[in-house]
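Annotated active site per Swiss-Prot: 37, in sequence order. Residues or ranges marked as Mg(2+) binding site in Swiss-Prot (evidence: sequence analysis): 16, 50, 111. Residues or ranges marked as substrate binding site by Swiss-Prot: 41. The feature ATP binding site is assigned by Swiss-Prot to 50, 111, 112, 113, 114, 171, 172.
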C-alpha cells in the first residue's frame, strides 16, 4: 500500500488540516491520493466532519463509509466511544477498508485519532493500525511549549515498534507564539536525530492557509 499514516502528539494539533493539505498537494501533482479516517468521534452537527474534509480534499466520489467506517457521537477515543454505544471497532475491518481504497487509488493518507497510543479497539491502539497497514508515519505536533517532550515520546514509541517515521511537522494552530517556538525544532532534532520537516506558519484566512500548507508540505513530503 502506498501512502502515509498521519498521527499527532495530541488531539487538536492539526492532523486533519495537514492531511488535507497533503492530499491537495498530491492531487495537484497528478497523484490520485485519497484520505481515510478509520474512526471519528465527537462530530459537531452542522460542521464538516473530518471524513467529509478528507473526502473534499481528495476530490473523489467515495461514499463516506468508504472514507470512515466508524463514526461515534461522544468526543472520546474510538474504543471508549464505541463502548458507550454498545459497539466495537474491528482492526480487521479498518484494514479491509484501507486496502479497498488503495486498490481504487494510487495512494492513501490515513489520519488517526488523537495520538499514536490512543485506543482504536478494545485491544489495539493506532500504533497497531499503522503497523498493520505498513505505512510510514508522519508526526504532527504543536509548535509551542511542551512539544519537545510530546514529540520525542511519540518518535521513541514509533521506533520501539519498528515503525518507519516519515517525518515531523510542527504546526502553529493559533496566532500566539511563546518563546519556545523558534527553539523547538532544534531541540527536537537533537533529541530524536530527526530534523522537523517544517514549522508551519499561522494564517487566519482558511483558504490562504490551506494553500500555504499545501505548498510547503507538497515540496517536502513524498509518498
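Backbone N, Cα and C define each Cβ position, glycine as well.
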| said: Checking your reading of the structure: which of the binding-site residues 41, 171, 172 lie inside a 10 Å Cα sphere centred on residue 111 (Mg(2+) binding site)? | reply: none
| field | Most Cβ neighbours inside 10 Å, all chains, among the recorded positions 37, 172 | value | 37
| request: Around the recorded Mg(2+) site, report the further residues of that chain (criterion: Cβ within 8 Å of the mean position of the Cβ atoms of 16, 50, 111; site residues excluded), sequence-ordered. | output: 6, 15, 19, 20, 35, 37, 40, 51, 53, 54
| Rounded inter-Cα distance in Å - residue 37 (active site), residue 50 (Mg(2+) binding site) | 7
| What Cα-Cα separation, expressed in whole Å, is found between residue 171 (ATP binding site) and residue 16 (Mg(2+) binding site)? | 12
| remark: Within 10 A of the CB of residue 112 (ATP binding site), the number of other CB atoms across every chain shown is 26
